[in-house]
Amino acid sequence: MKDADTKSFKRRKNMIRIDMEKCIGCMKCVSVCPFTVLGEKDGRPQLREGKACLKCMHCGAACPQNAVSFDEEDSVLPQPLPVLSEEFPQQLEQHILMRRSYRHFKPEPPERETIRHALELASWAPSAKNQHPAKWIVIDSKEVIEKMMQYILKYVRESGTSPEIATEYEEGNNVVMGTAPMLILCYARNNAINSPADTAIAMTTAELILQARGIGTCWSGYLTRLCNSIPQIRELLPQLPDNNSFYGAFMVGYPQNEEYLHIPQRLKREDIQWV
Ligand SMILES: Cc1cc2nc3c(=O)[nH]c(=O)nc-3n(C[C@H](O)[C@H](O)[C@H](O)COP(=O)(O)O)c2cc1C
């Protein structure tokens, strides 16, 4: 196939391309493009100049001919679309009701491959303009976790910040990291369109996947803030690029001595105004 003859889009870095030998002119790619980067000309999809592509690959995902590539690579995964069982909606609801924040864990950290897989799946979460700014640091070194906690205790005692962290710790309750053998930190660049939302959605996605695999998690707002505030913790960890911050953190591990027999009542339910 020759580009010029087949009217394929010119090869440029960072762009989609439609194989006009495969294209049947159904325009499905045009109709799903979120920013009208693809338009129709003479019954064929055409890349419109001056439009910014989100690289969401919706064009490829909607194409019945598999005619869309991105920088010479496939724009879609090779596997067929999953078929969900009829029970799936109910099971998803049940999973959401059964998700809990776990703070008591077995000493052995979960396998890295299980964690890597969950964090990779979180890349399919939505993000503002498809930027996906969330990045991860996973800590499963007992020594590093213990050092982090020592720095945290020193910091809160000296600065008077969140004094309950130290008083609870003295009573044997670690409100920052529970008894977690693993911590997952989520960081992002501060100048992404919506780093707080994007990281929270990626983390929520990862949490649901991890808990579906029997791995307990608990968000740690304390740990997030303290990782940003305590320079010695930053020095223990891989250096974040300039203008990046921690946006979220999880305690992670297989739950121990923590089993829930009921779904907790929510005192605050949905607050919806229908117009
Ligand atoms: C953003 C965020 C920060 C949180 N920070 C902490 C924390 O620092 N320590 C902690 O023990 N739990 C923390 N939690 C867990 C909440 O306390 C927990 O979600 C809530 O009590 C409801 O329990 P459930 O998740 O089991 O339904 C946090 C949750 C969120 C969403």
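Heads up, the Cβ atoms here are built off N, Cα and C, so glycines get one too.
For 14-43 (among others), the entry in TrEMBL reads domain '4Fe-4S ferredoxin-type'. Residues in the domain '4Fe-4S ferredoxin-type' (14-43) partition by DSSP class (helix H, G, I; strand E, B; coil) as 5 helix, 7 strand, 18 coil.
Tertiary proximity for the domain '4Fe-4S ferredoxin-type' (44-73) is limited to same-chain residues at least six positions away from its ends with a CB under 8 Å from its CB atoms, namely 7, 9, 11, 13-20, 22-38, 129-130. Summarising the annotation, TrEMBL assigns domain '4Fe-4S ferredoxin-type' to 44-73 (among others).
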DSSP-derived helix, strand and coil totals, residue by residue, for the domain '4Fe-4S ferredoxin-type' (44-73): 5 helix, 8 strand, 17 coil
Rounded mean pLDDT for the residues that make up the domain '4Fe-4S ferredoxin-type' (44-73): 95
